[in-house]
Amino acid sequence: MYRELISHKIAELKKERKAIILAHNYQLGEIQDAADFVGDSLELARKAAKVDAEVIVFCGVHFMAETAAILSPEKIVLAPEPRAGCPMADMISGAELREFKSRHPGLPVVCYVNSTAEVKAESDICCTSANAVKVVESLKSDTVLFVPDQYLGAFVKERTSKKIISWPGYCPSHARIKPEDIVNLKKHYPAAKVIVHPESRPEVTALADEVLSTGQMVSYAARADVKELIVGTEIGMIYRLRKENPDKLFIPVSEQAVCANMKMTTLPKLLASLENMQAVVSVPEEIRVKAVGAVERMLRVV
């Protein structure tokens, strides 16, 4: 009853504020249910760029809300939990990227969208896990600097003819997924297909039937003719997969693959955000104008 009451108040305030609620696939189930749109980083960036709402309430981690603010400076962007950060995004700063570039002059920088606005501003083009290969292939240079995720960089390197020089960052949640977990699960579910996220270690992706972004996982699960899928990504993804495919069995590779930051946003915080119009996420204009080019170039890659 309490949850229904909060959800009702959120729906009322959303109309009053002319707001849209965007949520990442790793958010709590209650947040996914309250959202107008749930997706992966690429889908959310595209939605933020074209949405006609006056207020964007972004349920994710800070860099995602920042990306919305970069793309839609005329809109109010709210983060219900402003302390929800991203450890991988914090593994490189703008100053560190400038130093990295100075050691490899003239090379283009591909920046995973899981990064700060300052890092995006120092990059030539952004990418997500869904379009990283296409983005890298779109560049004329034979050698590319890739930040901050070394494992996504390794995934791209295997699938392109480019030389990839990666920054040694990683996602702690995906790093907890071990190859032996997949091997053990396959013994119990021999008919299952294995799908994993490209932020996983190479020895994990090597065991997968498909390596997919979370958005691609949604599409794959819907059309796959198998009834059992072993899923290697952050645990929140399982909620959406089960909700949309009740006739299929989804087995997480690891219950330890949890992003605590993604779980910080709750229904009461979402309600408070709409009630108080907090916390507003903004990007300094001198950084935004540099970062928006990298994000928009990514969105133009088909």
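Glycine too: its Cβ is placed from the backbone N, Cα and C atoms.
According to Swiss-Prot:
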| type | residues | note |
| --- | --- | --- |
| BINDING | H24, S41, Y112, V113, N114, S129, H197, P198, E199, T214 | iminosuccinate binding site |
| BINDING | C86, C171, C259 | [4Fe-4S] cluster binding site |
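A 10 Å radius around the C-alpha of C86 ([4Fe-4S] cluster binding site) takes in none of the binding-site residues listed as H24, Y112, H197, E199.
Sorting the binding-site residues C171, C259 by the number of other Cβ atoms within 10 Å puts C171 first. Around the Cβ of N114 (iminosuccinate binding site), the number of neighbouring Cβ atoms within 10 Å comes to 27.
In sequence order, E199 are the binding-site residues from H24, Y112, H197, E199 with a C-alpha within 10 Å of the C-alpha of C171 ([4Fe-4S] cluster binding site). A sphere of 10 angstroms centred on the C-beta of C86 ([4Fe-4S] cluster binding site) encloses 21 other C-beta atoms.
For N114 (iminosuccinate binding site) paired with C259 ([4Fe-4S] cluster binding site), the C-alpha to C-alpha distance reads 13 Å. The iminosuccinate-binding residues named in the record, H24, S41, Y112, V113, N114, S129, H197, P198, E199, T214, extend over a maximum Cα to Cα distance of 17 Å. For the binding-site residues given as H24, H197, the lowest number of other CB atoms within 10 Å of the residue's CB is seen at H24. In the shown protein chains, 31 other C-beta atoms lie within 10 A of the C-beta of Y112 (iminosuccinate binding site).
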